[in-house]
Structure formats: C-alpha cells, structure tokens
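Trainee: I have a structure I would like to understand better, so I am pasting it below and will then ask my questions one at a time.
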Amino acid sequence: MFRELRVVGACSRTSLQPTVGSPFYPSTFLRKIREIRHPSIRDILSGFEGVVTPGEMLLVLGRPGSGCSTFLKAIANQCGEYHAVEGQVFYDAFTPKEIHDSFRGDVTYCPEDDIHFPTLTVNQTLSFAVSNRAPATCLLGQTRKDYVEDTTTMLMKVLGLYGSKNTLVGNAQIQGISGGERKRVSIAEILGSVGPLGTWDNSTRGLDSSTALDFVRTLRFITDVRRTTSILSLYQAGEQIYELFDKVCIIAEGKMAYFGSAKSAKGYFIDMGFEPQNRQTTPDFLVAVTDANGRKIRPGYENIVPRTSAELASRFMASDLGHQNRKAIEQRLEQCVGNHEHKQAYLSSVTTEGATTTSAYMTSIPHQIKTVMKRRLQVIVGNKFELFVQLTSQVFQAIFMGTVFLNVPNDTSTYFSRGGILFFSLFFSAITAVAEVPALFLQRPIVLRHQKAALHYPFIQSLAHTIVDIPITLVIQLVFAVIVYFLVGLQRSAAQFFIFYLFIFLTSQTMKSLFRAIAASFKTRLSAIAVSGVFVLLISLSGGYTIPWPIAPKGLRWIMWLNPVWWGFGSLLVNEFHTLHGVCSTLVPQGPGYENISLVNQVCTTVGSQPGDLLVDGNIYVGLTFNFWYGHLWRNFGVICAFYLGFLAVLLVATEYNTSSDFDGAVVLFKQGSDAIDGNAKALHEEEGDIEFRSGCQPKAADPLTFDSPDGNIMVPNHFTWQHLQYEVPTEGGMKRLLDDATGFVAPGKLTVLMGGSGVGKTTLLNVLAQRIGAGVVSGGLFVDGEPLPIDFEAQMQVGYCQQLDTHLPNATIREALIFSANLRQPQSVPHAEKEAYVGKCLQMCGLEAYADAIVGSLGVEHRKRTTIAVELAAKPKLLLFLDEPTSGLDSQSAWAIVQFLRELADHGQAILCTIHQPSAELFQVFDRLLLLHKGGRTVYFGDIGENSSAMLNYFESNGAPRCGPDANPAEYMLDVIGAGATVSTTDWCDVWKRSSEATQLQVQIERIHKHGHTRPRRLSVRKSVFATSWSHQFVALTQRNFRAYWRAPTYIRTKFLLNIAGGLLMGLTFFQANNSLQGTQNKLFSIFLGLVLCVSLGHQLMAVYIDIRIVYEIRERSSRMYHWTALVMSQLVVELPWNITSAAMFFFCWYWTVGYPTERAGYTFLMISVAFPLYYTTLEHAIASMAPTAPIASLYLVTLFIFLMIFDGVIQPFIELNWWKWMYRVSPFAYIIEGLLGQAIGGEAITCSYTELVRVNPPEELTCGKYMGPFMEFAGGYLTNPEAAEGCQYCPYKTADQYMYSRFNIKDSDHWRNLGIVFGFVAFNIIAVFWFTYFMRIRTVGVFTSLRQKLTRGT
C-alpha cells in the first residue's frame, strides 16, 4: 500500500548535449555554478495513494513518459536512480528498508528492455535465474536440482520456448532467438523467481496478442493460487487482457487520475463527461482520457470535464471512488502496519523454505558462487572465439619472442637480452589485461538487473569471473611459459622453470584484477579506458627494465613500489641469474695485439665483474644493476600476492556498489544553441509533440510534397509480388527452413499487415522481400509487375524499411538523421534545399518538430520509434515501405496515430507491408489485407480483411473454426484459432490454406498481375550503381556526420589529449634534461621507445568507438544501401586523424624540450612524432578493428601486434643479435620511427662519459694509456681522458652519438628522411589493410566460389 507517494527526479527533463567546446563557453561555467547552488529537481510522480492486496492484479495505464515505469519502480522499491521518494509505502507489515535489506527478491521488477548474456542458451539463462531463487527446502522431498529442472522446463513449455531451449539468446550482433522469444525469456526469468509482489513494465511488448494473453492468464493463475500481488503496465492491452485485472491505475503526466476497480473505471470517466470512440477497447479509452488530442468529450460536457492532469487528479480525489480508496488504505494500515503477527508469519514461511531473514538473497553465497561460476563457463563456451584468440595470441607471441632470443648464450653479451625477454614476458600479460575493460562494461547492465532481482550479490560475478579465469589462465600461461622458456634457453632446472611460470601466472592475474577494478570503479567505458591507458604508461615506465632502480629519479621510485610488474620482474631476474655465471665478452682491451695480455691489464665492462675474474656472477650483476637480490624472491612473491588480493578487494567492492551508469534516460538532450531549450533548461512538454503528430495524421490532400513521388508526379502503380519463397539457413544439424512456400503481393494504395505468433518468421520474410539477408539459400521469385527486381530496388531507392530495432548514431540530432537519410537515399539530382524541405515535412508528419534538435541517443522509446519511421520516410521510397513492428513500445493512441499515418500514405499510392503485434479491433480494421504466418514460416491466410474483418472471419469459420463473438477482437481470434503462442490447434491450418480456393485465387491473381505488367512498357533502370548517390557525395556526408559525432563526444576527445599530455609530461619529467653521457643518451632512446607505448592506450578507445559506429552500419545502414562501406572507412580515417595529430602535438610540446632535445632539430621530430606516427597508429588500429567482431577481441589483437613490433625494433634485442630475424627488423615500422627520431635528434653530438661510466684499466709497465689502448680504440672506437697517464687509464667506449647508435642499434643519422618516407609507406600499407580486412572480415558473407555461382545464376 502507498499513500502520498511522490517521486522527485534529480534534473529537468531536458538539457544541452555537452561538446568538446562546452568548457570554453562562459554560459557552461555559469550554468554549472547555478546547478551546484540550486540543483534542478522535478516531480515525476505526486499524489499517489492506493492499496493492492494479496490475490489482486493491478493494471497501470498511461502514455509513454507519463510515469508508469517510475511508479512500478517506486512500488518495487527500486528508487536508487531518483533524487527522493517521499510518502508512505508499506509491504504488508514491512517497511521499504526492511524489504530492501532482507526481502528484495520477494518484490520483483521486470524492466521493459531485454538484457541477457547473448552467448547463453535459453535453457541456461532460465536455469540460472530459477536456481538462485530456488528454496532450499522443496515439497515432496524434491531436491533443489530437480526443482530447478522441473521449473525451468515448465516455464519454457508454458511460454512456448521449449523448442528453442538450446538456441542462443542472442542480441543485435549475435544471431539467436527472435525478438518476441527474447521478451518471453525475460518474462520467464522473472516468473521463475517471482515473489509475493511482482511488477511488470510493458512486458508484452513485441509479443503477439495470443502470447500476451497467455502470459497474463498465467500471471492471473499464479496470483490466484499463490495469493501474490501482480502489478503490470501495458501500453496496448486488449479487452480480454483487461478483464483479467482487479484494479487499474490511470496515470496522467505524473498524476494519479484514477485508482480503483477495473470494472468501475470506464463508467467513472463516462460519468465525468468522456465517451469512447467507436469499438475502442476499455484500456484504450482510459489512456485516451489522459491525452488532450485523443479524448472524446460527450456533448454538453465541454465546459465541465477536467482538461489537465492536475484537474483529473483532483477530481478523482474528490470523488466517491477516491474516498473509498482512502478508506481502504486506512483499513489496510490498521490491519497490517505494526502487526507483528503478520510479520512473524511471513518470517516463519521464509525460514521454512530454508532461506535467511537477514539477507535479501534466497541462496547462500557459496551457492551463488557455484551457479555464477557455472554460468561464466557457459558464457565462455558460447563465445569460444574469444578464448581461441586469447590462446592464439599467447602462442603467437611466445613463438616469436622465443625465436628472437633463441638459445641465448651464457656469456655477458646476452645479460641485457635476458632481462628483456623476462620483462616482456610479464609486460605482454600485463597490457593484454586491458582487454578486460570493455568486456566488463558489456556485462554491467546484466549484473545490475540480477542484483535488483536478488539473484546474486554483484560482487559474486567478479569473484566467480576471477575463479573461473584461474584455470584458464593457468593453461594459457603454461603454454606461453613452456614455449618461451625452452626456446630462449633459460636456466634448465625444474625449480627455476616453475618459479618463472608461477610469477608469469601470478602477475597476469594481478594485472587482470587491476584493470577489472578500474572498469568496475567508473561509470563510462571511455573514462575507464582513459585511466587504464595512464596505468599502461606508468607500468611500462616504472617496470624496472628501461629505467632500473639505481638510476631511476626519486619521483619514479615510489611508482615502482606500486607497480606489480616491477616486483615480478625482480623475481624473474633473481630466479634466472642466481645460477648464471657468464663469461665476460666485453673485456677492455681485447682483439688483435692483446692475445697475451693478462687479466690484470684488462677490465670487464659488465656490471658486477670482479678484478682478475673472467666470470661474472649473475647475482652481483642483478643486484648492482637492478637492486634485486636472491633473498628478495619470495618477499616479492608476497608483495604481488598482496597486490592481487588488494586489487581483487577493490574489484569486489566496486562491483558491489558501483552498478549504475552515468546516463539518465529520462533526460532529453538537445544540441548546443537549440531553440527548443532555454538557458534554464526548461522542461519541454512531451504532449506537444504528440499533438503535432496526431494532427499531422489528418488528410492533407493539398500537400503534394508529403505523398507524391520524388519527381513531383503521382506514383506509378507498381505491384510487388513473390511466389513460392523458401528460405533455409545452415545449422549444426543441417539446413533449417525458416520460410516455406510463401506467396503474396503488395499493391499500390493498399495497407497489408503481416501477422503471426512470435518466432514464426515475420521479420525473416520482410528481410527476404527487402533483399536484406546475408546468409542462407533463397528460392522462389520476387517481381515488380512480373519483371525481375530492378537494380535500384537493391539500392533501396524503391523501398523503405523500418527495423524492429531503433538503431541510430546516438550523437546525431533527429533532424540530422533525417537529412542524412534524404541526402544519401534520394537521387543526387534532387536539390539539397528540396530535401531539407521534405525532411521538415517528415518531422511534422511524425510529430517530431519540437524534438528536431534532440539527440537521438537520449530519446525515449516512443520518439526513437518515430525517428526510425521518419528516417525511412525521408528516403522517399517509391515502391514499397516495410515496417517491422512500428507500434511496439507505444501506447494505443500513438499506435493508432502511426497506423492512421500509414493509412494516409497508402491512400496516396504508397504500397505498405508491416508487421504488428496486439492490434485492437479498431486498429486491425485500418488494414486492407492480411498475411498470416504460422510456425516454420508457413502461410495460413493471405487475402482481404474485409469490412469488420468479414472476409477473414468467413474464411476461418467456413473451414471449421468457431464463430468469432461480436465483442471479440478478430486479430486475437485468428491467432487463437491457429494455435499461436502457447495455445495448440488440432487443425493444420497451413494445409487447409494450401487446399483452399483462396490460395488458388491468389495464384491466379498474381498471374494476372504479371500478365498485365508484361503489357506495359518495360521499366528499365538507368542506374548502374546500387547506391543513389556518388561515392564522393557519400564521403562528404559521412565525414560531416562523423565530425559532428566526435564534437559531441567530449569524453573521447578529452581522453586523447589527457593521455598525450600525461604521457609527454611523464616521459619528460622522468628523463628530465638528459645530458650527453652514455646514460643520458640511453635515456633519450628510452624516452622515444616508451613514448610509442601511447599508441596502445589510445588504440583501445579508438577501436571501441570505430566498432560502435560500424555496428550502426552493419545493423541498419548497410542493408539500406545508404552508402558504400569504403566511404565509411575513409571518412572514419579522415575524421580521426586531425584529433590524433593535434593531441600528438600536445605530447611533443610536453616532451621534447623537457627531455632536453636541441631546438634546432625540433622540426623533423615534430613531423615524425606529431604527423607520421599518428598517421601510422591510426591506420594500424583501424585495420585491427576492421577484422575484430568486438572491442575486447580488438584489444587482444592490438596488444599482440604491438609487442610483436616492439620486439623487432632493435631496442630490446639489438639488431646485431637478431640473427635470422634481421629481416623482421627491416619490416618493423617502429624500427624506422625510432631510428628517424633518435638519429636526427642526437646525431653528430659528442658523448661525454660521466665519471662512473669511464672504464678504468691499468696498462702494462712502461706503456702509457694512449699507447696501450691505441690499437683497441682504432677498431672499437671511444676515447681516453688521460692518454699520457701510466696507470688508471680512463676510457670512454664511445666518442660520438653516431658511433653509439650504429654499433648498438644500427641507427644512422643520415637515414632520417628515408625513414620518414618508409613510415609513410607503412601508412599506405595500413590503409590498404583497413579496406582489405573490412571487406573480407566484415562485408563479404559468402565464399568466392559461392559468390561467382550466384552471379552466374542471376545472369542466366
């Protein structure tokens, strides 16, 4: 029960879309200050009171946006997203806090959207939900396992899902069950865990009327038997559904217009002065009362009926029914509130089921861990490709790393290389873990849904993920460790191998926990990726390999202490070098003329060498070079374990408490400068758009722009026909037939409706007719006036297709989306001004004028659906308009307005075929013809509907169906007759149709259409392209759209600048003012080498954005033939590059002079680091994303390729030691980038060894330093600081930077322009790769020979 219920939102209904330039607008700063001082709040609901007792069902009616979902969430005690919830709400004797803390799962809420793991099957999804709400104590000695299996099977059979139990749930990208079946999965998931109170938010959306009725009947049965309470909001409820409810609540713009008996509601509003339209159902009438343009007032009541929502609410409060409602509340309050007997009885029932009363979850934490772990394994099995990519990337990297360092000798020349292979073994696993960030954001909405349903604690998901990942990582890292360890030839002892393996595995798990914790701590993916990018920089910089501890700046040392990779690297070093005693290969002097020199007059330059000893102890080398000693081995192990547990704790806490996102769907965003919103963010009245929408549906015969052809002439009547269509798709068990002998036609000026139960093939038929299928075999014929389909039919100039999913670029405004569609799908010869004028008319006809500047991604369900229709209308389809469920998610008034709009289009010559669910009798009568499908895509009926559905009813009744009652809805009647949904029919109506005279007449009629079409002049298409516009036109339009989208994605753009500025400062300050000593020269090298790591951090976010935009193309724009895919790819490159080049310039300015490079050489460096390098990594990462299906897999590809390229750049393994891999150095772009940058920046400079870098050697007696060292310096180079001395010769190994660079890294200053040219050559190669991978991985859906065979077949 609830009294004086008020829900307050934390912001206004509208706001301005932030852009990259928003922080620089003075108005933005002032608005932020105003919001801090005076937070914007608004009433979403106010003045609600009522009571729903056990055994009762309440129907909540209202238009979209009126507050139905908010009311259900408030009743279901899910109020976290609101600013405040005021008033009194009681659940019998329990308060909302008690319910939330202890019984949250007993008050369920089924949201409108269907969010599930797409790679789980239907059976797996439902079994998980039932298992986590299964009582510990079952009836009749039934075990919990049996209970789960029986309940899951029962749910699937009741909701007609049993036949699809082993089919993937799927989503927009992964093929699975149909949209209607997915909705039934959502229903079954909640039914399997339903408690004493269940709330259902428009849960019949996407279901046919028969299935919707079966669902409500099932809920009625459960409510009666279990004495539970059920509250449903429905937008298009039939009369039969309405009669199943006890009470109804009418919501008008956040006000309660009525609450009481469902039987009394209609009479109440009729007595008030309203009356229903002809054949209007009771639910439609009750919703129409709240609509200023949809209500009908009885004669004589015009001046006394309430007009506004406030007047409706106050009239009810003052009525007798309002008084009775308040009296019922008072009685219930006296009976229940404070009644300890009621509370104790319920607590006893909970205890009887084996559940605890101190937790909201019915099952124990161990049981939750078990079930979530099982589900995690099922998700992995369902997505084997990602696991395959992980294993393949590790094997690939291990083979290349192992062969580059193949069988390294045990002398001191490979000490540095050994450190390199050890470090990169850790570093590869560390940055591979960044792929965890986008993966976790994909599952967050599902975790939130399950947390609200009290299926499991959110942290259980992260814990189970971690546990399941352990054995998988053990196997993958074992494969990696074995390959690397034995190819490189590291110390061959079992103990050292397993220690190596242990630290590789432990560090990998630790870094995964770190990046998962980062993802769990942020609300947006881009923010998490940005922070992860900074961590990758810090990890690479403070890993201890490029900058060892003894020479690290003090400011960097504390970062090292916080870097698990540094601790792991130290352990690998001491483990490897503990038993290594290498022969010194760097004796000074040595070579010709020094054969008989004793060790007394030679010095080993390797760190850790001892006077007179030719062997260098690895322990001393590691200790002096890296400050790690063997005694630190297990200390480091403990530290890494502490990091692992700490990151895991952060992950679990963040997952538990940070389950929301930053986007509030109730706020409509408008572009900057829009006239639709003032500086105070004044709320835009949603009803204004509805009034315009419905007024636009009135006949406008004098308006030729709306309904005429694009040429201004009346549309030529073309008939679209199809005969004996069959469609089969390959499955594991063979070919599965989805369409079976479908025949029909669509005539100009006629409105044809395609109906049938959920999953019978309605959308499939539309896709086949519209030539939108990518796989499978189609047989049969498609014709226009008896002729094969014209070329421009495939260009979609002839047809418009409104998909069931409202997929649009989220950053565009509605007007921009329509202009984009008109600009690319109408002929290029049409003037742009005319296209804009037509777009304005489409906005008006769809009631979107007030929302023209609204951002599509912020719209509600209704306005997104209107936008989808408007986008297709803007294309001016000349022949056909297909619509897949255009009224799903809309209230009855909006659905009526849309169908009336389609009726007007048809009356002016447009041929229309659309699917529709749950039409009222009045709505069904608007259509001219019906195509009814049954399971397997078989035809049940095709023909005229007739006046009052007489033709259709006569057909079924004449073939043995029971008569349709005068008050029955014919649309519901026919579905019940054929056995749609969960009902069963004993008659094979498909066979009845095949043998009927109507089917014969249909064939005759089609032949007549074809014969008549052959007598007309043959329509020859003059178009040679499948697109309406030229490639250059498409490219310009896409570039403009993408620039706008990027400008309205401030987080993405600011992240680029953040990473570049942070990276530049980190590199600059770490290697601050490096001098010309040996160490300073090496620091300059590593300042360049580590700066290249930035491209990995930038790449993760770049690829995620690119894939998001590509998804819009693949789902909607590709099948609409709006533009060629090459135009999209090229426009993405063109739009991305300016931002990357500009942000790279910020890196240059923060880095170049800070490190200490000379000003006179800045020009070339700027060209390479701020132009060539961004060009390279932008094109490379687009190429990687082009072959990846998802962002996590793209991240794995990127990391693998990046490490591969870094290994061959000549820094980690010097060029001279690459052996037979030297050819890879020649084709590594990083080698040319580093050579060009370092060679040009320091080439020609003299090296001045510091005091500690000078090699001190004593010459034999009677020889000066110059005479003794002279022969050696002639071939080895270097110089002496004291050539005349007779002892203590101070030798510097290198005299110039050129000598240092060439001898160690094969770098020549003179090649810097050549290197720049080669980098641009790699850019050109990457661009080709982008197009190649896009075509073969994303565009081409059949093999080469299959494609050739299809072309030859069409040619004959």
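Note: Cβ is positioned from N, Cα and C throughout, glycine not excepted.
Please treat TrEMBL annotations as automatic predictions, because they have not gone through curation.
Below are the features listed in TrEMBL for this protein:
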DOMAIN    30-278  domain 'ABC transporter'
TRANSMEM  385-408  transmembrane segment
TRANSMEM  420-442  transmembrane segment
TRANSMEM  463-488  transmembrane segment
TRANSMEM  494-514  transmembrane segment
TRANSMEM  526-547  transmembrane segment
TRANSMEM  633-654  transmembrane segment
DOMAIN    720-961  domain 'ABC transporter'
TRANSMEM  1057-1074  transmembrane segment
TRANSMEM  1086-1107  transmembrane segment
TRANSMEM  1128-1154  transmembrane segment
TRANSMEM  1166-1184  transmembrane segment
TRANSMEM  1196-1216  transmembrane segment
TRANSMEM  1316-1337  transmembrane segment
Trainee: Go through the chain and flag residues at least 6 beyond the ends of the transmembrane segment (1196-1216) whose CB is under 8 A from any CB in it; none is fine as an answer.
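Mentor: That would be 386, 389-390, 393, 396-397, 400-401, 404-405, 417, 420, 424, 427-428, 431-432, 434-435, 1085-1086, 1089, 1092, 1095-1096, 1099-1100, 1103, 1180-1181, 1184, 1187-1188, 1222, 1224-1225, 1227-1231, 1234-1235, 1304-1307.
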Trainee: When each of 420-442, 463-488, 1128-1154, 1316-1337 is checked against the transmembrane segment (526-547) for Cβ pairs under 8 Å, which one has the most?
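Mentor: That would be 420-442.
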Trainee: Hey, does the transmembrane segment (1316-1337) touch the transmembrane segment (420-442), meaning at least 3 C-beta pairs closer than 8 angstroms, sequence gap 6 or more?
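Mentor: Contact between the transmembrane segment (420-442) and the transmembrane segment (1316-1337): absent.
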Trainee: The transmembrane segment (1316-1337): which same-chain residues, six or more beyond its ends, come within Cβ distance under 8 Å?
Mentor: 1125-1126, 1129, 1133, 1164, 1167-1168, 1172-1173, 1175-1176, 1179-1180, 1182-1183, 1186-1187, 1229, 1232-1233, 1236
Trainee: Can you tell me which parts of the same chain pack against the transmembrane segment (1057-1074), counting only residues 6+ beyond its ends and a CB-CB cutoff under 8 A?
Mentor: 530, 533-534, 537-538, 541, 547, 553, 555-556, 1080-1081, 1083-1084, 1086-1087, 1090-1091, 1093-1094, 1097-1098, 1143-1144, 1146-1156
Trainee: Sort out for me which stretch, of 385-408, 463-488, 633-654, 1128-1154, 1166-1184, has the most Cβ pairs below 8 angstroms to the transmembrane segment (1086-1107).
Mentor: 1166-1184
Trainee: Output the single range from 385-408, 633-654, 1128-1154 maximising the number of Cβ pairs under 8 Å to the transmembrane segment (1166-1184).
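Mentor: Per the Cβ count, the answer is 1128-1154.
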Trainee: Give the nonlocal contacts of the transmembrane segment (385-408) in its own chain as ranges (CB under 8 Å, at least six residues past its ends).
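Mentor: Distant contacts of the transmembrane segment (385-408): 414, 417-418, 420-421, 424-425, 428, 432, 472, 476-477, 479-481, 483-484, 486-489, 1189-1190, 1192-1193, 1196-1197, 1199-1200, 1203-1204, 1207-1208, 1213, 1218-1219, 1221.
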Trainee: Which whole number is the mean pLDDT over the domain 'ABC transporter' (720-961)?
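Mentor: Reported value for the domain 'ABC transporter' (720-961) is a mean pLDDT of 86.
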